[in-house]
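Structure record follows, encoded as structure tokens.
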Amino acid sequence: MQNPEDHHSDRELSSPSNTTKSNDDKNVEITLDIRDDTMAGQSVKNATKTKAEEAELEALGKNLQKKCSFGATIVRNVSMRMRLPSFKRQPHPPQTFDRSSTAAQNALKGFKFISKTDGGSGWDTVQQRFDELTATSDSLLPRAKFGECIGMNRESEGFALELFNALARRRNITSGCISKEQLKEFWDQIANQSFDSRLRTFFDMVDKDADGRLTEEEVREIICLSASANKLSNIQKQAAEYAALIMEELDRDQKGYIMLENLEMLLLEAPIQPDGEKGLNRNLSHMLSMKLKPTLETNPIKRWYNNLKYFLLDNWRRVWVLLLWIGVMAGLFAYKYVQYKNKAAFNVMGHCVCVAKGAAEVLKLNMALILLPVCRNTITWLRNKTKLGGAVPFDDNINFHKVVAGAIAVGVGIHVLAHMTCDFPRLLNASPEKYKPMEPYFGDQPRNYWHFVKGVEGVSGIIMVVLMSIAFTLASQRFRRNKIRLPRPLNKLTGFNAFWYSHHLFVIVYSLLIVHGIELYLTKEWYKKTTWMYLAIPIILYSGERLLRAFRSSVKDVKILKVAMYTGNVLTLQMSKPQGFNYKSGQYMFVNCAAVSPFEWHPFSITSAPGDEYLSVHIRIVGDWTTKLRDVFSEPSPTGRSGLVADYLQDKINYPKVLIDGPYGAPAQDYKEYEVLLLVGLGIGATPMISIVKDIVNNMKEEKYDHDLEKKTVSGSGRSNFKRVYFYWVTREQGSFDWFKGLMNELAVMDCDGIIEMHNYCTSVYEEGDARSALIAMLQSINHAKNGVDIVSGTRVKTHFARPNWRNVYKRIALNHTDARVGVFYCGAPALTKVLGQLALDFSHKTSTKFDFHKENF
């Protein structure tokens, strides 16, 4: 047998059987599990592959195979096979050897008191921190600094103190300080990877009186400590109830205490399996992992070609739109440049006037074009009623709006600089003979700059530059997102309000632009003054949309049916659905509340489903407008009930009036184009995904009802269109799960066919296996098995800890749905956009499963 140290992962090991034996000897395949410094046998089976397994591997190999132009080959040598003569099953190995293959190995995989460290390289860092923290304390580390020294964050300070106490008790250390030698002993124990050492350390933390027994009160205290470290306030409140549950489970004889072996049993009953790996064939998973392993193309030309090809395949819709736009701008600039090069002004001002006029022509185009991406009704109509969405990236409307704004800023700079630093000085310094052809346009030769500034052209141009500079600055992300902290009263210049109101300065800008275009230099004929021609249609279209919004919101009256304020500062408004308000899941609408601000409209995803008899939105309180909205709706109701968790109707006297406008198209509305969906929501970003899930659930109900009546299903958007829906909701607050608790419970009960997979992640809880969350994991398994309710979310859907391994999520979907096209819809913080988008590209390029990534973009 080969040395297990030659292998670094738990793979199936095999090699040809002994050639000296007869070929008629039966062969078996031994699967070994090698982890760290331990090895255990997992299975003994016939070494001959079944036809099904061969077909499965062959199919995946074909699916993973790409064309030669992509520079990829079939993955070979998935695992080495070792064929041995048949032998009798040997007795089970000793218990310490077999730990690797028990559920405890998975339950305590990574069950560390220090995250992502090891006893070797980690100690050097700990020593360095020790020297820094004890520089003024005679090389003795105080108990209060222990957590900081070993690398725990401040939020785990309480847990670190209890860990210190446990380690000190075992060594009979009674002082509140330790030396470096004692710290090394502590470190060796908490960094020890063996199951028994970790279990003993955790037991010592709970057993505060060191009598070898755990009482119900000690269990309650450690539950409180774990819940506090993981920011699980609800579990803290129910600590006594959960302690009683553990005692009921383990203290069957009602002795009033439990022993170490009872705690081990509890751990064995709560195995942890990394997300994304469940249900994966190990060989297939390894093949895909090898296929996805980054490879560097040595030929720079081929590498550049491959990168360009993938870029064009992934972004062809954006590319052709941008190329068309750039081409039109280049054509207009060249046209004006050549036109003015053949005029008399060229003899005085040279190429400067050509550049200024070329930039001005491009500015006219962009000032017209920038209005089109924000004509939301038009875009929604084109998205819903036409097939243009297949060629035009409507999802990028706001991004294109920003790109055009950048081009306008560049154009203004070129136009102004060309005039101010080149054209005007040349006019001032030209000889009388050379200047004479310019007299019809400028009159007598000017003597200073004031001549150019005081005219209509100069004044209008300066005012436009100032107003656009203000609007552009306040629209930048740092100002709009309140990332810049300014002293009072300048703090009013940041936030959404400043962005919203400053953008209305463009009403003045466009008015001045038309005036500026009429009074422009060097052109007298009216038909050559083309500014108004560029702007006419976009301004009419945009103005019509604003009028339509005002009219529609006043006609479509809504009544508030329900108001609720949830943990995590989320306000829910449930209102009546106006007649004719037809929308799709994933779309959004604008909300206005005159009691907060009569002029402000804010977009929010619709969280109700099209089949519901009401409209609902979930609003996260993050800015000045939403804060005021919460204050308005949280006033005490006339019945005396608290408005923060109120359920009362619109006909109450002091209830604020709400207007809505919409619905508007969004990327998530295209979910019906796919049979397999990956829905990802971060925090409040789950709202459009919830509407999609509700719609699918409603259609499942309709299908079931139709089936019960033995009728043919009428709905075209029902469950039958979807093979699988994966929904990942990641939030950092336990209370967030209350927002959609009813839907999750309903989904867990009725989705018997497993069409919808719900994965909840609470990032405030330390990763599965961390000592600070170990007891939470135990409680979770016990309570879910006994009562069918998750202790973190309070629903039937079990909650995962920390963050998903997104690569494993994609890998699992790619293996489960070969040759499929998967719609990936994401709504949340920008940080995850790049990660999910890049993974979608990687898996689309290297597997037969294609992932189409869509990000919500209001």
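Yeah, the Cβs are placed from backbone N, Cα and C, and that goes for glycine too.
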If we trust Swiss-Prot, are LYS184 and PHE452 on matching sides of the membrane?
-> no
Per 10 Å Cβ neighbour count, which of the binding-site residues ASP211, GLU218 ranks highest?
-> GLU218
Around ARG213 (Ca(2+) binding site), how many other CB atoms lie within 10 A of its CB?
-> 15
Residues near the Ca(2+) site, ASP207, ASP209, ASP211, ARG213, GLU218 excluded, by Cβ within 8 Å of the Cβ center?
-> VAL206, LYS208, ALA210, GLY212, LEU214, THR215, TYR257
Simplified to three states, DSSP reports ASP209 (Ca(2+) binding site) as coil
Just name the most isolated of the binding-site residues ASP207, ASP209, going by other Cβ atoms within 10 Å of its Cβ.
-> ASP209
Looking only at the domain 'Ferric oxidoreductase' (357-514), mean pLDDT returns 87
Beyond the flanks of the topological domain 'Extracellular' (419-454) by at least 6 residues, Cβ under 8 Å | 344-345, 347-350, 352-353, 356, 462, 521-522, 524
